[in-house]
């Protein structure tokens, strides 16, 4: 591989842009919302040059208002007072449920794919309206009112969606806590948000295993007088679930007492719709605050224009409502547009690796949205299942959560999409609310490995991290920032606006700082590098850890890799690579030592001597969040001999791997340094 000058986005060299396959157009229920690149550019230009009129028109078109807004946009990033749709009033639940229930009562709203397929069910918009109203009635009878916070600790079942919409119906604020979090993590989030009510279930089911959900809630809330009521849904119906008299109430008993329709409460555009906690590098998790109108519009617009979603379509987002992906693209995005959403409780491997494809075949899903982590798993061990099912209904394949490598992109396109689908690699984050960089399906040609172009209103730019100056033109690399506000961006951190300003608005005054490194290629397409702290500067060479990781995973025996930079007295930083092998080897032996040397030489040969890892550490597994992201900051701390300063680990799914990683670093890195 030829090494390009470091400022050039070399991944884009000799990469041809792909236009939408013929199948995409033939299978559409209606014309594309954006027909071609020319129309995208015209709309994008208006969205950044005249956002007031552009988004004002879209807000009136896509949302129903109780009171019209008087001005579309106010405030600035500099002042941290971003405001959209001033003086307008609306209700999120009405926009997601009522208006569709009145127009198409029997249309599917939620398609539930349970852990055990025999438990599958479907909920129409009219039934969803009844369920949401009844749960809202229960909450209202308990004194929940506009502006109150309510915690939701439920697995990925329809009742999680019902609970969120019931809270929004009252103008209250939902704070969903992923049902895989520990009792301590739940406690921290409930207390920080000030939730007096928690909605949960008796037990959960995932991958054929039972999760003792209510037991976790009881443990987390032990001694917490703040919580006065807990509503418990019977997911499994198991006997012996402990219920505290005067605090715990069964969902089915309480909802039976309520009316089937409860009028929605009008909310101001800027009233908080929800909190969602995201883990910081250190300290306590941040409760990111999203507003009602701006967030809803962002969810609606990106779902419509990025995915080219029509009301007749079926969207399968394989993400949990405990994360922003589930909020925006399993709930609010599809439902505000009146599109059916598949709610998936299980895993891609249960009861076998054909599960995803059976779901798509059974419901004729048109859109599939999933994380690269799941795709890598299927590519490694489940690819043979794909041809067994008719998944020709698919039109758009989405990727979310991390940059997708060009190799995995092409596999997704060929093996899952059969070269008939558009691939939408989407870059966004909890704080953005909806897509920041993503192709508009059918209009924007795509490139394997590139998230492509900014969404409407996202005035994206590349900043030199050293000088803080915006880099003009194409073929530039730096950090990704946004020059002005967009409707769905987070407004604050719960009860800590200073933290919000310090984290996102202060690093580069006048810009929103995404925290991601990126390159803008010769065509103006964006290539996401990952977190800025995942960029390593070795002897003046800025190295993308993703590029080094790609080189490592090109080796036939490498399963996964993660690269971090640590301080180095000679070179400023040095590259440390953590690698898990397909054969599971991690202990020292002559073969393992040879493998470590071989991997160093591979990077040296493919990228250059300056990119060669100082050390390759073989581990059995890498630390990951519950959404599948590798926690590189944990690896960096361990490699920096700071294993006693790992910070917040509440989002880690496999904390049991940490001791073995520490041992591997001691054996393969620190011990060798002493020799």
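Keep in mind that glycine also has a Cβ here, set from the backbone N, Cα and C atoms.
Classification of residue 604 (CoA binding site) by DSSP places it within a helix. With a 10 A radius on its CB, residue 604 (CoA binding site) counts 15 other CB atoms from all the protein chains. Among the features that Swiss-Prot reports, CoA binding site is placed at 206, 207, 208, 209, 325, 539, 604, with the record citing similarity to another entry.
Around the Cβ of residue 426 (ATP binding site), 24 further Cβ atoms fall within 10 Å across all displayed protein chains. The annotation ATP binding site is assigned in Swiss-Prot to 401, 402, 403, 425, 426, 427, 428, 429, 430, 516, 531, 542 on the grounds of similarity to another entry.
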- Message: Can you give me the same-chain residues 6 or more apart in sequence from residue 428 (ATP binding site) with a CB-CB distance under 8 Å?
- Response: 324, 400, 434, 435, 436, 437, 438
- Around residue 209 (CoA binding site), how many other CB atoms lie within 10 A of its CB? 10
- Task: Return the member of 206, 207, 209, 325 nearest to residue 430 (ATP binding site) in space, with distance defined Cα to Cα and candidates limited to these binding-site residues.
- Result: 325
- Query: DSSP on residue 401 (ATP binding site), three-state: which is it?
  - Reply: coil
- Query: Given the binding-site residues 325, 430, and counting only Cβ atoms in the protein chains shown, which has the most within 10 Å of its Cβ?
  - Reply: 325
- Spacing of the two Cα atoms, residue 604 (CoA binding site) and residue 531 (ATP binding site), in whole angstrom, works out to 23
